[in-house]
Amino acid sequence: MPAPAAVLTGIGSWLPTTVLGNDEIAARLDTTDEWIRTRTGIRERRVAGPDESTVDLAVGAGREALAGGSADVVVLATSTPDQPCPASAPQVAARLGLGTAAAFDVNAVCSGFVYALATAAGFIAGGIAERVLVIGADTFTTLIDPEDRTTVPIFGDGAGAVLLRAGDADEPGAFGPFDLHSEGELADLLWVEAGGARRRLSDQPSDRFLAMQGTAVFRHACARMAESSRTVLERAGWMVGDVDRFVGHQANIRILQATAKQLGMPADAVVANIDRVGNTSAASIPLALADARADGTLVAGHRVLLSAFGAGLTWGSTVLRWPDLGQLS
């Protein structure tokens with residue numbers, strides 16, 4: 001008997017209330033709205049306030065995905081937990097009223113949601129869980145130097161979630177196969193160096209800020225996402241032309257467009273909401289899925305390719321046929 005698959009049965013999203021537009025950034029940094037839009041595709045992003053933490057955002061998205069239901073396991077993809085220890089997922093599970101559900105964090109940064117999906121699929125395939133809540137949530141603006149014109153315009157805060165249930169691999173909504181990779185030799189292309197056991201935070205504010213080598217990251221992101229996408233399509237038995245929607249990590253509109261071009265996909269297959277939310281790290285793919293479902297870009301039967309790339313370096317991809325969420329439970 002084949003192992004059960006992880007099937008999508010609910011989706012949710014949550015954004016902070018504060019909107020930060022390009023003009024506000026341009027008013028205090030050496031940049032312009034036009035420069036930001038043409039190079040990133042971003043018009044505005046959400047910024048968590050003093051009373052909005054990663055856990056708060058995750059709870060909002062998780063509650064929407066659960067829609068009154070339950071989960072045996074909570075997997076929270078985040079690289080901005082509320083505190084270094086313990087993990088934030090148990091607090092999320094508690095606030096969602098999930099009792100003693102297993103709960104833990106996964107930190108693969110911007111690839112975190114795909115990694116968390118694969119982890120959840122393993123729990124379901126192994127019979128450990130029947131229903132798993134997967135959340136991608138980050139408050140990445142807390143890691144950004146407010147005077148850095150290269151990173152301030154890019155990142156935003158938010159959370160997205162999906163509820164998975166055990167089902168059949170051939171039914172709509174089933175995730176998989178997966179393709180996951182890392183390349184730790186390139187960790188310093190995109191990292192926050194201090195704050196861990198190797199180098200503790202000091203009185204220098206720069207210790208806690210993200211450092212990014214943008215050109216190198218761009219090049220690697222396009223190449224690795226395209227490579228991983230081809231691999232997962234081959235494993236799924238799909239051709240590039242079978243894909244109706246490509247939902248990549250919302251890091252930069254040019255990365256999404258360049259990756260789609262490398263794959264030979266038409267521009268209208270690319271799902272993008274980066275113009276409204278910026279790069280929300282692990283939250284970006286579930287936020288894009290939720291928005292695309294809401295505006296009709298995603299409809300039942302669509303074949304969907306997901307691909308992400310992030311610090312680590314990490315990257316990964318998976319596929320699914322979009323289900324009719326209105327009829328699933």
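The backbone N, Cα and C atoms fix where each Cβ goes, glycine too.
For the domain 'Beta-ketoacyl-[acyl-carrier-protein] synthase III N-terminal' (104-184), the DSSP counts in helix, strand and coil order read 22 helix, 30 strand, 29 coil. For 104-184, the entry in TrEMBL reads domain 'Beta-ketoacyl-[acyl-carrier-protein] synthase III N-terminal'.
A simple way to gauge crowding: the CB of C110 (active site) has 32 other CB atoms within 10 angstroms, across all the protein chains here. What TrEMBL lists as active site is C110 (among others).
Taken from TrEMBL, the feature domain 'Beta-ketoacyl-[acyl-carrier-protein] synthase III C-terminal' covers 233-322.
Under a cutoff of 8 A between CB atoms, and with a sequence separation of 6+ in the same chain, the neighbours of H249 (active site) are C110, S111, A221, M225, I255, N279, S284, I285, S307, A308, F309, G310. In this structure, H249 (active site) belongs to neither helix nor strand by DSSP; it is coil. What TrEMBL records for H249 (among others) is active site.
Averaged across the region 'ACP-binding' (250-254), pLDDT in this predicted model comes to 96. For 250-254, the entry in TrEMBL reads region 'ACP-binding'.
Among the features that TrEMBL reports, active site is placed at N279 (among others). According to its DSSP assignment, N279 (active site) is in a strand.
If you look at the region 'ACP-binding' (250-254), the same-chain residues 6 or more away from its ends with a CB under 8 A from one of its CBs are 39-42, 110, 154, 218, 221, 272-275, 277-280, 284-285, 287-288, 309.
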